[in-house]
Amino acid sequence: MASSSRVRVGNLVPLNEGNASSSNGSVSSIPIYLGANVVGRNHLVVVDKRVSRKHLSLHASADGSIQAVVEGPNPIIVRSEGQRRKVCAQERVKIAHDDVLELIPGEYFVKYLNVGDNHKSSTSMGSSDFKKGKRLCEDDTVVIKRNRQIMEDEALARSLQKSFAEESSTISGLGCDQMLSSLDSAGSSERNNERIHSVDYLKDVLSLTFRLMRVQGLPSWTNTSSVTIQDVIQGEVLLAVLSNYMVDMEWLLTACPSLRKVRHVLVIHGEDGASVELLKKVKPANWILHKPPLPISFGTHHSKAMLLVYPQGIRVVVHTANLIHVDWNNKTQGLWMQDFPWKDAKDVNRSVSFENDLVDYLSAIKWPEFRVNLPVVGDVNINAAFFRKFDYKSSSVRLIGSVPGYHVGPNIKKWGHMKLRSVLEGCTFEQQFCKAPMIYQFSSLGSLDEKWMSEFACSLSAGKSDNGSPLGIGKPLIVWPTVEDVRTSIEGYAAGSCIPSPQKNVEKDFLRKYWARWKADHVGRCRAMPHIKTFTRYNGQDIAWFLLTSANLSKAAWGALQKNNTQLMIRSYELGVLFLPKTHQSVPQFSCTGKNNSNLNNLAPGKEIKTKLVTLCWKSDEEKEQSTEIIRLPVPYQLPPKPYGTEDVPWSWDKRYTKKDVYGSVWPRHG
């Protein structure tokens with residue numbers, strides 16, 4: 001039964017420890033409906049596996065009283081009429097108006113308020129606070145809105161949509177048959193006197209470009225072209241390889257129940273300790289778990305990708321989200337996807353760069369080979385070589401991977417920033433990108449020094465202009481949230497737990513010249529803190545190249561040159577997709593699920609197509625030329641970015657912040 005048709009009898013409203021009238025940023029407000037209810041991990045805005053997916057079962061009566069059963073292994077605390085009672089697994093307890101629950105003893109405080117009860121709370125929670133608590137809920141997930149900001153964002157969106165409708169209805173983005181009615185608006189509510197044009201990017205086909213992931217609680221226009229995990233994993237999947245760092249198996253199977261029907265699933269993960277034991281316990285019996293070898297200490301498996309095999313071909317996905325609830329619902333994240341058919345017999349021995357990149361990376365993962373029977377090819381061994389059975393000649397990107405180890409000789413250009421340097425060295429760019437600036441945007445900052453920053457900038461500045469001269473070193477800027485950005489975000493300070501950089505790394509003097517603001521008005525994500533990682537070189541709204549990756553800015557992820565630049569040391573597994581402008585022969589787009597609506601399919605096969613990378617805010621008559629394929633990338637931050645002002649302070653997660661966030665919390669929450 002949809003929640004909109006159920007009778008709400010009350011709310012569990014988040015509270016701060018020791019201050020029952022303050023909202024807590026660790027848990028969302030939870031509506032309680034007549035009949036059965038479940039309280040669990042999805043109601044948290046932080047990751048805490050001590051709270052089960054089904055932590056509490058609640059049965060609410062018409063009089064507003066609740067009978068609760070502790071379903072998870074950990075106890076809860078119920079504070080009622082001055083008494084504090086511990087309730088353990090499978091025990092029952094009655095909950096009444098004004099009772100306070102601790103979902104974990106000493107943590108995650110919520111107060112039950114009965115909407116039908118006329119008496120006042122024993123604490124100073126007024127009606128406006130109660131109404132605010134109700135507003136904080138949508139689809140049982142955290143949704144924090146400042147009404148003023150919402151009204152400004154939506155007013156700006158409506159204004160832009162109206163102006164576009166008046167001026168033109170013929171602008172088309174990549175693969176769109178017509179301009180879509182809902183636009184990804186551009187510009188800031190603070191700058192709405194200056195109109196910045198943007199058009200929507202590909203709406204129905206998830207190929208040839210990347211998408212932002214859906215964020216719950218934002219105005220509807222911000223999610224017009226965003227994706228959820230169910231948009232990606234769909235159709236008749238025969239085999240799935242899911243690669244990630246963190247995996248919440250219970251959430252994954254709930255968020256994407258179609259995965260239960262997939263007969264063969266390999267999960268490549270970076271979990272350890274108790275988390276691995278939990279994965280083994282809750283995974284379906286036919287799923288295989290694998291943690292890749294880590295030959296160097298302090299490394300991890302951090303790559304985030306999916307390989308989905310269909311009867312028609314394969315879907316390759318590279319993205320930035322852990323397989324956990326908060327990453328797919330509360331953060332600014334990015335995802336790239338493209339479908340490829342099985343190879344024809346005549347092409348079985350042919351390969352392209354994308355294929356070699358992919359197979360080289362998968363070979364390094366070293367998962368235990370297993371044998372399956374697939375309807376299309378019969379009995380096959382699932383190893384790295386299996387993925388050569390697909391035709392990647394239409395690939396729109398290059399893969400840039402990192403693999404832990406000490407890489408020498410030819411392998412030094414195979415991984416990390418040296419791989420990126422090698423690919424860029426083989427590319428020719430328009431002359432406008434000579435000495436063009438670069439952006440480093442990520443969610444975790446390693447311990448860096450000026451020498452390595454120069455080494456990294458040298459790799460990202462590689463390439464030559466169309467007159468043959470080197471592009472030259474560009475000035476980099478680091479797009480990084482300020483303390484104020486985190487404090488006022490939709491998660492409050494809790495968002496900072498996923499921007500895990502200590503003060504000693506962030507506050508180095510030489511970094512001051514790099515800091516630039518996280519501003520994402522044009523995609524409505526100023527308050528959805530970034531977990532996305534992107535690196536790019538640009539001039540205005542034109543983009544030379546763009547990298548979407550799992551790699552943060554660290555030596556562990558990108559590698560550091562040693563021994564007179566003859567050795568590259570990398571600690572972690574990473575994977576990214578590099579978008580480059582190119583000239584290629586047109587081919588019809590392929591889809592594993594049968595969805596296909598690109599304008600480019602109307603071109604005669606074999607016609608030469610030139611691609612151009614631009615932001616959503618780019619505008620030109622060149623877009624009308626069918627021989628130029630305009631790839632609109634939803635770069636989620638303002639270009640050019642605004643450098644930090646004198647009052648801006650970069651976020652550090654181990655620093656104390658006493659100014660309360662949107663939930664009334666300080667940071668850290670304890671201690």
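Note: Cβ is positioned from N, Cα and C throughout, glycine not excepted.
If you draw a 10 Å sphere around the CB of His302 (active site, nucleophile), it holds 24 other CB atoms from the protein chains shown. TrEMBL lists His302 with the feature active site, nucleophile.
For His531 (active site, proton donor/acceptor), the same-chain residues that are 6 or more apart in sequence and have a Cβ closer than 8 Å to its Cβ are Thr320, Ala321, Asp327, Lys331, Thr332, Gln333, Ser443, Cys498. Positions annotated as active site, proton donor/acceptor by TrEMBL: His531.
Within the same chain, residues at least six positions away from Lys533 (substrate binding site) with a Cβ under 8 Å of its Cβ are Thr320, Gln441, Phe442, Ser443, Leu548, Thr549, Ser550, Ala551, Asn552, Gly576. Under the heading substrate binding site, TrEMBL lists Lys304, Lys533.
Sequence-distant neighbours of Ser554 (site 'Interaction with DNA'): residues of the same chain at least 6 apart with a C-beta under 8 Å from its C-beta are Ser444, Leu445, Gly446, Ser447, Leu448. Per TrEMBL, site 'Interaction with DNA' is recorded for Ser554.
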Neighbour tally for Lys304 (substrate binding site), based on other Cβ positions within 10 Å of its Cβ: 27
